[in-house]
């Protein structure tokens, strides 16, 4: 099963046990805790430990058909909030306090030190009461879609929830956070002409990306009080199954949460001049995070936003400013296609926020890992750059503007039949806590040590199994 590519090996570390007896669709890793939630065809969500890969709890009773997608709400302290999307046309929101009981601590391998801490604090709570507190609470059911809900995503700030459906619509809901689990519908977007398969929020801004059966990717933003489409990305020749954002990049070389910038690999062992690296970071910072998409057409494409040009000098107009339209449209270009490695539809792509690696999988049961590297080849001009008027290019030369060093993507690992004869529906990167370090700290109140955590890849298959992989290089 391991890969045979020269760049690295994808090693099967473990399965999450016990597996589901029905098809599993997607797994979502918690933003703070070493746990992951898996969506199942049996109408349930299974929550597993990423410390010892065992089942912690099963969330059920809220949906009447398969749970197709789920997402953890970010920036929530003291509790975990999970949104679930179902084929029954509804979206559920579940809540649970992060105070895990002793039974779960045993499963996580955390019982020793924590049990002693409880005794020192005088914790003599009855076990039955503790078990009751551990239950997930079904907070609210969001109803509005006319057909199967395919994907759900929280905004980076956690106040907005996006859902999409087979009914060709995208709904944006606002969590009022009033203590009564009230949500308000703020937008219903219906520009797609086919099933909407996926929604994903920008990692820093309130900008939403969607992929559809109509072969397009669309970007949405709020303008004043109305949400609307700001870009339509065309290029795929089949259903767009998944879109994912790159981690933010800053000139300082830090992505905002203490993790290093996901720079491309330098194949010449550091010979790339620091000024060239800085130029690459500056250009990426101006463009913002890129998008990766995968499709029925068996391609994976990287998309980049073109920075907006400086506004022209102010010209007085007889038209009042209150009725002059403000342009919020964005221009996106297809930057490249990743090496062709899949024989059938590609269902899922995942862009690591820690390493910058991209993982893909699909109907052929293959998992592929790609990395970006700097290349000595001159930058390839995109069609839109070639179409620039001569005056614009002359202006660039006059201003001494330089093009950032070019990059290319290469395959570093590939595994065939990752789930034997079954299709693989989803892959995602996850943070795995070190079990020995976790035993030394109070799991209830601590976040994972981001500097020392290990990143693993989770694959979710039609066989009901979620597999854990590590990349060895």
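The backbone N, Cα and C atoms fix where each Cβ goes, and this holds for glycine too.
Among the ranges 1-25, 26-50, the stretch that Swiss-Prot annotates as region 'Disordered' is 1-25. As annotated in Swiss-Prot, region 'Disordered' covers the listed stretch 112-133 rather than the other ranges in 90-111, 112-133, 134-155. Of the listed segments 377-405, 406-434, 435-463, Swiss-Prot assigns region 'Disordered' to 377-405.
Long-range contacts of the repeat 'WD 3' (144-183) within its own chain (CB-CB distance under 8 A, at least 6 residues past either end) are made by residues 65, 68-76, 83-91, 93, 95, 189-190, 192-206, 208, 210, 212, 220, 227. Mean pLDDT, taken over the repeat 'WD 3' (144-183), works out to 96 on the 0 to 100 scale.
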